[in-house]
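**Student:** Below are the features I grabbed from Swiss-Prot:
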type	residues	note
ACT_SITE	Glu91	active site, proton acceptor
ACT_SITE	Cys332	active site, S-methylcysteine intermediate
BINDING	Cys111, Cys115, Cys118	[4Fe-4S] cluster binding site
BINDING	Gly158, Glu159, Ser190, Ser213, Leu214, His215, Asn289	S-adenosyl-L-methionine binding site
DISULFID	Cys104-Cys332	disulfide bond
DOMAIN	97-327	domain 'Radical SAM core'
Amino acid sequence: MKNILNFTLDELKDWMDKNSESKFRAKQIFQWIYKKAVFNFDDMSNISKSTKEKLKENFYIQIPNVVKKYVSNIDGTEKFLFEYEDGNIIESVVMKYKHGNSICVSTQIGCRMGCKFCASTVDGVVRNLTSGEIIAQVLKAQKEICDRISNVVLMGSGEPLDNYDNVIKFLKLINDEDALNIGQRHITLSTCGIVPKIKELADQKMQITLAISLHAPNNEIRKSMMPIANKYTLEELLDACRYYYRTTNRRITFEYALVKGVNDSRENAEELIKISKGMLCHINLIPVNEIKENNYERSKSKDIEEFKETLIKHGIETTIRREMGSDINGACGQLRRNYIRNN
């Protein structure tokens with residue numbers, strides 16, 4: 001038995017053809033799943049009984065269960081703990097804006113990257129999610145909020161480029177007009193900086209936004225915060241970023257979590273200006289989320305503002321990330337860890 005959500009439309013057409021079914025049935029099934037949110041073959045009224053039986057013998061539609069749901073009293077952000085059939089739990093977050101609903105999805109159960117400011121990596125990685133398991137987060141969230149999701153952010157638990165093949169398939173699926181039809185420019189992928197995979201992603205020539213978890217203006221600080229920096233230098237990472245925007249003509253976003261006394265000085269800001277000058281980029285400053293397992297403290301609000309103003313004065317487009325759902329353990333991985341610890 002296979003999870004039908006792991007199939008592209010072309011793959012499902014091929015399966016239909018090889019199993020003596022008309023190829024157009026594949027498109028009908030896609031419409032039921034992705035357009036009408038019907039996750040039971042028996043409820044697909046324009047599919048013949050014999051075809052339904054064949055589908056049930058060969059496929060299932062894996063939609064995770066909601067084990068916990070939290071709704072922010074501040075901004076209406078909805079955070080879900082989803083449980084897959086093997087008992088593993090991940091989290092997804094739906095953020096509501098005037099321009100539409102955005103979902104932050106997880107790409108792995110846990111993470112092996114070891115970034116010191118991130119809760120999802122504390123217990124390591126359990127396994128990769130399949131493309132179907134990632135897209136199921138979007139399908140289930142839409143069903144829960146009774147509204148369409150128009151933007152997708154790959155910033156939940158896991159390193160997307162450490163699960164490259166499944167993530168690429170997921171991106172193509174959600175962009176497919178016969179599936180969720182979410183425009184590539186409404187998709188953001190965040191990575192800690194796996195240099196060869198950034199270049200591979202560039203060669204896909206997608207129009208998604210690439211967000212780099214930079215968090216430091218030099219190799220010394222970055223190595224202290226992110227183990228990946230011991231494998232790829234800042235210079236190698238920036239070279240990959242230049243390749244990405246030359247290939248795709250898409251602006252890079254640099255994410256920079258400000259940690260008190262670590263990377264938030266004026267000198268650090270000036271170093272950041274130096275390495276980002278001349279690049280088609282935007283810097284997103286993030287007040288770091290404090291995690292019990294590390295000793296990082298959030299920079300003071302006035303220091304964050306001063307850091308931002310220093311960058312802006314030198315022509316660097318800079319914003320401070322708006323905190324969504326801060327009253328319900330919004331930091332990546334916090335909800336999952338707390339739930340597992342208490343159950």
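Every residue gets a Cβ built from N, Cα and C, even glycine.
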**Student:** Among the recorded positions Glu91, Leu214, Asn289, whose Cα is within 10 A of the Cα of Cys118 ([4Fe-4S] cluster binding site)?
**Tutor:** Asn289
**Student:** Tally every other Cβ atom lying within 10 Å of the Cβ atom of Cys115 ([4Fe-4S] cluster binding site).
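**Tutor:** Cys115 ([4Fe-4S] cluster binding site): 21 neighbouring Cβ atoms within 10 Å.
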**Student:** Restricting to the record's S-adenosyl-L-methionine-binding residues (Gly158, Glu159, Ser190, Ser213, Leu214, His215, Asn289), give me the longest CA-CA distance in Å as a whole number.
**Tutor:** 18
**Student:** Out of Glu91, Cys115, Ser213, Asn289, give those recorded positions positioned within 10 angstroms of Cys104 (disulfide bond), comparing C-alpha atoms, in sequence order.
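**Tutor:** Glu91, listed in sequence order.
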**Student:** Could you round the CA separation between Ser190 (S-adenosyl-L-methionine binding site) and Cys111 ([4Fe-4S] cluster binding site) to a whole angstrom and send it over?
**Tutor:** 13
**Student:** Just name the winner among Ser190, Ser213, Asn289 (the binding-site residues) by count of other CB atoms within 10 A of its CB.
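**Tutor:** Counting Cβ neighbours within 10 Å, the top one is Ser213.
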**Student:** Take the Cβ of Cys104 (disulfide bond) and count every other Cβ within 10 Å, whichever protein chain it belongs to.
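**Tutor:** Summing over all protein chains shown, Cys104 (disulfide bond) has 25 other Cβ atoms within 10 Å.
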**Student:** Distance check, please: Cα of Asn289 (S-adenosyl-L-methionine binding site) against Cα of Cys111 ([4Fe-4S] cluster binding site), rounded to an integer number of angstrom.
**Tutor:** 17
